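If you check Swiss-Prot, you get these features:
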TRANSMEM  23-43  transmembrane segment
TRANSMEM  61-81  transmembrane segment
TRANSMEM  117-137  transmembrane segment
TRANSMEM  144-164  transmembrane segment
TRANSMEM  197-217  transmembrane segment
TRANSMEM  221-241  transmembrane segment
TRANSMEM  243-263  transmembrane segment
Amino acid sequence: MGTIESYLTNSYNYIIFNFKKLCIGGLMSAIVGAMSGVTTAFIDLFMERANYDIMHIIMSFLIYFGIIFIIGLIVSAIIGGYNVRIMKTTVEGLNVAPDWNNITDLLYRGILYIVGLVLLNIIFYFIPAILFVFGIFSLYISKIIGAFLIIISILIFIISVISLWLYSKLAEVNYSVKGFYGFFEFKEIFKMIGIRYIILVIIIAIINFIISLIVVLPLNIIDIFISYSALANSILTIIYISIKGISYALSTFVDFYLGVFSIRAVALYYKDRKGIT
């Protein structure tokens, strides 16, 4: 049985050893991130110009955002499919990152991956959402009953958030091994959640937060200072848009590697709990 330290160390070494192969996913994420960042910068700047036709700007950016959304969805599906391969090969005991071949298979597995996660969100949040809606309507009948239902729904929502956070990570690995229905083996997956696992995912979350903050914060600070003067100076406008694009690109690039680090560590834990050698 491995230790938390061994899972984290192995995941770090996995990224270092396979950095070049994984770079494909990082670059795909960065390209979509840069496009989103540049678009966001344009909106920030030009929505403040009173002499522009606001509706024309909104329609133009909606079309552009639609294109970015479709591209982003395709890239997310491909990366999701690749993450499934990483989890599966990790459980199988391989230390070499899988190839980026058979894009159709990556898309297929990635789409199922996204659908599975969406369904899990619906399942976990259905009850608190229904209770909250009933609570809102009950306020018109009895404020006490309405308030009670709303409070209960919020408490259940908090429990659902924590439960889904812990459950979904193991469910993803289970899907990579058993197929789509692996998402919904609730009894089996909840049995795998123990103190060691909870500590592991908390440490992973802290590591991801700190690294993301270190990477993005300096550019965001520069971004804030430049944004106030960007409209008045064409050079500053270009710098502002560039920084926004770089910030988003760098953030999504790093997020990809952090994602690989996370799923690798959880997959190693899953492998140990299943007793797979």
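Positions of Cβ are set from backbone N, Cα and C atoms, glycine also.
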Contact between the transmembrane segment (117-137) and the transmembrane segment (144-164) is defined here as three or more C-beta pairs under 8 Å separated by at least 6 residues; is that satisfied?
yes
Would you say the transmembrane segment (23-43) and the transmembrane segment (61-81) are in contact under the rule of three or more C-beta pairs closer than 8 Å, pairs 6 or more apart in sequence?
yes
I need to check the long-range neighbours of the transmembrane segment (117-137): which residues 6 or more away from its ends have a CB within less than 8 Å of a CB in the stretch?
146-150, 152-154, 156-157, 160, 163-164, 167-168, 171-172, 183-184
